[in-house]
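Take a look at the structure below.
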Amino acid sequence: MSINPENANLAQLLRECASLVERNEHSALLYKAVEALNRYAETTGHIDSSTKVSRRLSFQRPKNTKSTLIANGWLEQNRKSRFRNVWKEVLASLVEGSREGEETTLWIQRERIVNGKSTLEALHQIPMKWMLDVKMLEFYGEYRFAITVYNVPEDFIFRTRGEETCREWIATLKSAKESGKVDKASKAAKETEFPDLLNEKKSNGGTGDKLFPDLNMENGQPEPSAPPMPENSSRTSSSSSHGHENGMRNEANSQQTNKASGRKTIAELRAIAHGAGYDTRGMERADLEKIAAYFAPVSERNAAVQSNQKSVQETQQERTTRIQKEIEERRKAEEAERLRKQQEDERIRQQQQYVQQKREEAKQRQEAVRKQAEEAKRRQQQQQQQEQWLPQQQWKNSTQASSSPRRRQPVGGVNQFESTRFFGSNNHTQAGESGPRRKYPGHTANQPNQAGTQQQSVPSSQQPFKAPQYHQPQGRPQQQYPQQQQQQPQQTYQRQPPPQPQAQQQSQPQQTYTTPGENQRTKDPTSPLNQKYAKAMGSDQESGQDDDAIIAVVRRNVLMTWALVPPQYNMLRPIDQLLSSIQTVLPPFGGVASHDYFAKWKPINHQDLLIGAAMTGPDEAKLKKAVRKLRVFLHPDRLPKEFDAKQTFVCKMLWDVSNDAYEEFLKNKDELEWIRS
């Protein structure tokens, strides 16, 4: 069985209405349901006409034009019930005063059913003279208007079923209020301008009904009196006939003007006044218009109400148009302001970018100029060092050739030292796995050994440990041997002092320790370690046949500036001095290019390596920590891959020299402990 869609919609609508009734709420949906039920009853035809749902109008006017009822209709009033606001259906009736002293009043009544009979109970009585304002409330989906009454704190709020009925009520109430003002003005004018009219009416004893049969109480207007004879009617006929001709001309002109403007002519106004029982002699147009307005028929008042309604609608449309126009103008202004702000922000951002770009360019130019200046200064220093080094080497060659015959040793040993220590191979091994000596990871240990001269270049760490005789008491003359051996070269050096390199002048001053553990082997030029580095210096000075001259120059600069003790350069510096001054030979130095990696080295203060303020000897724990730090820094696995051959060679050389010095320190410490034991 198919279900009619209209019936399904009606059922859904009734369910929604039932939910509203259960919640004791009122909505326009109820009226919609009533209309749907009426249509359903009319279309089916199975329901008697007496059972149709009654439809109550929100606004209607009486068909009888002479009735005192101006308008009535069923409205919904917002009322308070049990501490909440509810909508109650009421009957609003606007009634015009029919007797002397009565005012046009708005009656608000509610329907009550007593014993099966419907009765009306008055709730409010609002005279139009007490009404201050009536206005429409803007509420989405509903049509409401509010009435403001004098000396009442809250407004009377009503709701209609449609917008048209709401506007009709507003226009009707405003028209009734204005007509009440006109009635008061006409009555006051009637009493002031025509005081004898009322007296004559009272003296005639009701003859006004006979004189004016068309005006009775059914029309809702007060009964007019007999035409009076005002005091100013005793004017002479000469004064009235004096301006007769001028009056005729003015009247003709005014008639043409009134026809064009839609107003009533003087003759029509006089006819209305004569019909009301007034003597129009000496009256002006304003007086005649007041009388005509006072005695205007109900149809004209209804027309005035309709015209007021149209004017209200036009005013509402104009206001809506004006509001829409203002909203559009405001939106355009906001859009223009937003665009202006965006343009301003974009301009500021571009300006900031331009300024930042200029600053970066200036900074780059300054950095380039600074680097160029540093490079020029570095080249100048290298040139000066080279110029100072050449005469010094010539003087040293001549001095060493005459004073130290032992320096004349086979070149094979020197070449072996160079190859084993600074070019990647290694012929010596550690004394044991637990020893402190660490070989550079890039060295190899498979170089074939050579004869006698090679054994002299092997470090003392590879030979079995023996207590040196110069530490014994009977070996005291042997302890003086290095001093006697160094007297002649030192005197020669004092007679003809060579210029010192600039880097040597900046090196840290050599310190002499007076503790019992003084490094005697470091001060002994005959020790294998010192002989090894002395031979390295001799090979650079005598042979001059190195395959890579630049690396030879770098090695010589590092040995003279940092590793060896001047002026003979035949003894290795102590490990604490090497650690505290290693930053002086880090690139850029001796023609080696600089790199950001070398800037990561943090210099070690020499005072931090000492035992304390009272004892000036180095602390073993502090030295061990500093050596570990240097090994981590120079480890080949941590070096950048972009290092060139000279940078890598410098790192290997610093690694080997520091390890040799640290091993010498540990051996001297062990020998001293053995002597004490």
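Keep in mind that glycine also has a Cβ here, set from the backbone N, Cα and C atoms.
As given in TrEMBL:
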DOMAIN    68-178  domain 'PH'
COMPBIAS  180-203  compositional bias 'Basic and acidic residues'
REGION    180-261  region 'Disordered'
COMPBIAS  251-260  compositional bias 'Polar residues'
REGION    300-545  region 'Disordered'
COMPBIAS  316-349  compositional bias 'Basic and acidic residues'
COMPBIAS  357-378  compositional bias 'Basic and acidic residues'
COMPBIAS  381-396  compositional bias 'Low complexity'
COMPBIAS  416-432  compositional bias 'Polar residues'
COMPBIAS  444-453  compositional bias 'Polar residues'
COMPBIAS  454-495  compositional bias 'Low complexity'
COMPBIAS  502-516  compositional bias 'Low complexity'
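Per-residue confidence over the domain 'PH' (68-178) averages out at a pLDDT of 90.
Sequence-distant contacts of the compositional bias 'Basic and acidic residues' (316-349) (same chain, at least 6 residues past either end, Cβ-Cβ under 8 Å): 136, 167.
Under DSSP, residues within the compositional bias 'Basic and acidic residues' (357-378) fall into helix, strand and coil as 22 helix, 0 strand, 0 coil. In the domain 'PH' (68-178), the DSSP tally of helix, strand and coil residues is 16 helix, 66 strand, 29 coil.
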